[in-house]
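Colleague: Right, I'll just put the structure down here and ask away after.
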Amino acid sequence: MASVGIVTPQSLRLNAPLPLRSGAVLDDCTLVYETYGTLNATRSNAVLVCHALNASHHVAGRYEGQDKSEGWWDNLIGPGKPLDTDRFFVIGVNNPGSCFGSTGPASTDPKTGRPYGADFPVVTVEDWVDAQARLLDALGIEQLAAVIGGSLGGMQAMSWTVRYPQRVRHAIVVASAPNLSAQNIAFNEVARRAIVTDPDFHGGHFYAHGVVPKRGLRVARMVGHITYLSDDVMASKFGRQTLNPELAYSTQDIEFQIESYLRYQGDKFSDYFDANTYLLITRALDYFDPAREFDGDLSRALAGATAKFLVVSFTTDWRFSPERSREIVKALVDNRRDVSYAEIDAPHGHDAFLMTDARYHNVLRAYFARIADEAVAPAGGIKGFAV
């Protein structure tokens, strides 16, 4: 199946300040986004893709002159793929607080003329959804055919259905949860402590010192990556394999293949990801809990949602286990909402939502075909455009 081909990011400077859930306000906010496919004449075939922790607006396609720049969900999105860009107009947007072009900690604070650093305000899933809604306003899209996201992206999809119930017809929530467990919050805290205790962090204002807290970022990524993989995948890929036939009997040297792999992942991550962004996004994960304002009752929290739902989980995902997805399904059933649920037997752990798995992709293909058949008007509209 074909790719969407060469893509070019676009940007939108919001025409008014963005109020945040914390009470702070982003006076000057720019969003970077990409679009794929054609918006039809009735503007009814738009699908918003919400990204997870370390992803971005670059969901599909590749950049000119960069052969290894495929979007993070390129296996899912494109002509003839499960999310078919011959039928849908797909939007990927980088959230505020991230580090891939939208306003974030490395951006210049207009009040000081210096990077925000640690002074960038805390952002939440709800803030991101509000920013995404502003982007849709600028694109002239009143209602989404669907919103889809995996992991943290799935939380944004859920939030869309309660914050803007009339603006989304379908929500596809993949490998997600209605909130973080204590264990997941604990993993995030260990990762954050690794960053803030790095001597190069400088209280979040490391930009002025010309350094990057790479040691902390490496450890944070290593901790996170462990939670993305299943025990079975680790066993099959690495087992107890050593780098060398003979043991070095050292506490400092790398002995096992899994150690080498984790260090490689940490090194790669520290070269491109912003430390302050990591703190912000993991805290947004911690804070997400739509039931909090309803005495912990998720059914009440989702009572205002009118969208139809597809909820997908994976058997070996222990970060956001199938039980957590079934909590979402139960809450929707309690409200007599239209919900489909698929539990995919896949070995990959939490990262399964990013993988090319025939059963998983067939579920999404069938669901998007349903959306297209019931609501998408004939093609022949206008291409995505910058505003």
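Backbone N, Cα and C define each Cβ position, glycine as well.
Straight out of Swiss-Prot:
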ACT_SITE  Ser151  active site, nucleophile
ACT_SITE  Asp317  active site
ACT_SITE  His350  active site
BINDING   Arg221, Asp351  substrate binding site
DOMAIN    45-354  domain 'AB hydrolase-1'
SITE      Arg319  site 'Important for acyl-CoA specificity'
Colleague: Could you tell me which three-state DSSP class Arg221 (substrate binding site) falls into?
Modeller: helix
Colleague: How many neighbouring Cβ atoms, not counting its own, are there within 10 Å of the Cβ of His350 (active site)?
Modeller: 23
Colleague: Please identify which of Asp317, Asp351 has the densest Cβ environment, defined as other Cβ atoms within 10 Å, among these recorded positions.
Modeller: Asp317
Colleague: Check the domain 'AB hydrolase-1' (45-354) for me and report the mean pLDDT.
Modeller: 97
Colleague: Rounded to a whole number, how many Å is the Cα of His350 (active site) away from the Cα of Arg319 (site 'Important for acyl-CoA specificity')?
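Modeller: Computed Cα spacing between His350 (active site) and Arg319 (site 'Important for acyl-CoA specificity') is 6 Å.
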Colleague: Take the C-alpha atoms of Arg319 (site 'Important for acyl-CoA specificity') and Arg221 (substrate binding site) and report the distance between them in angstrom, rounded.
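Modeller: Between the Cα atoms of Arg319 (site 'Important for acyl-CoA specificity') and Arg221 (substrate binding site), the distance comes to 15 Å.
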Colleague: Between Arg221 (substrate binding site) and the residue listed as 'active site, nucleophile', what C-alpha distance do you get in Å?
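Modeller: Here the two Cα atoms are 16 Å apart.
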